[in-house]
Amino acid sequence: MPTLRVGLFILCAVPAGLLIERLLTGGLGANPVEALLHGTGSWGLRLLLVTLAITPLRHLTGANWLVRLRRQVGLWAFAYASAHFSIFIVFEHRAVLSSIVEDIIDRPYILIGTSAFLLLLPLAITSTKGWIRRLGRRWQQLHWLIYPAAVLGVLHFFMLIRANRWTEPLIYAAILALLLGFRALRRWRVV
């Protein structure tokens, strides 16, 4: 399992490494901030969906070992979401609070994205074994916030993409719908 965890760590770190390499070599195009925002946001959402896919994959395949990787993937999703949010704050708004608040109020997709990030924050904070013990059954209830966070993340992506580029957010929405549908069927004991 340690080898698998190291491999997963490297796999999840590769997109960040590639973004950093492109940043340092001028390969992010005419608007590097936009490229960084898109790259970190996309990888955050992808890894969030992978996190949500682990339980259905475990149920369908019987591969119980997948559950041991879920926290690591979820924390990587949060790391990319944190980078995305930090780039927005620092490079889009120079960390000026009034500018950030104005943008959140004026552009609904920013409010939705910020809400998604804020829902993920307590999940990342409470992902340690100590917090799991401390919160007991409430830990699992708290971690259901991943579902509205994922819905808001997909909606955020939809709202900022032009109509002729909806393929990627549509794929994410379809994957999320399948994952939520699977969860609903499991809850009603159909699957």
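Numbers here mean position along the shown chain, with the first residue as 1.
The backbone N, Cα and C atoms fix where each Cβ goes, and this holds for glycine too.
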(message) For the feature transmembrane segment as recorded in TrEMBL, pick the matching range from 24-42, 43-61.
(response) 43-61
(message) Can you work out which residues elsewhere in the same chain, 6+ from the ends of the transmembrane segment (43-61), have a Cβ less than 8 Å from its Cβ atoms?
(response) 12, 15-16, 67, 69-70, 73-74, 76-81, 83-84, 120, 146-147, 149-150, 153-154, 157, 172, 175-176, 179, 182-183, 186, 191
(message) Averaging the per-residue pLDDT over the domain 'Ferric oxidoreductase' (40-154), what integer do you get?
(response) 95
(request) Could you tell me what the rest of the chain brings near the transmembrane segment (144-163), counting residues at least six beyond its ends with Cβ under 8 Å? (result) 41-42, 44-45, 48-49, 51-52, 74, 81, 108-109, 112-113, 115-117, 119-120, 122-123, 169, 172-173, 176, 180, 183
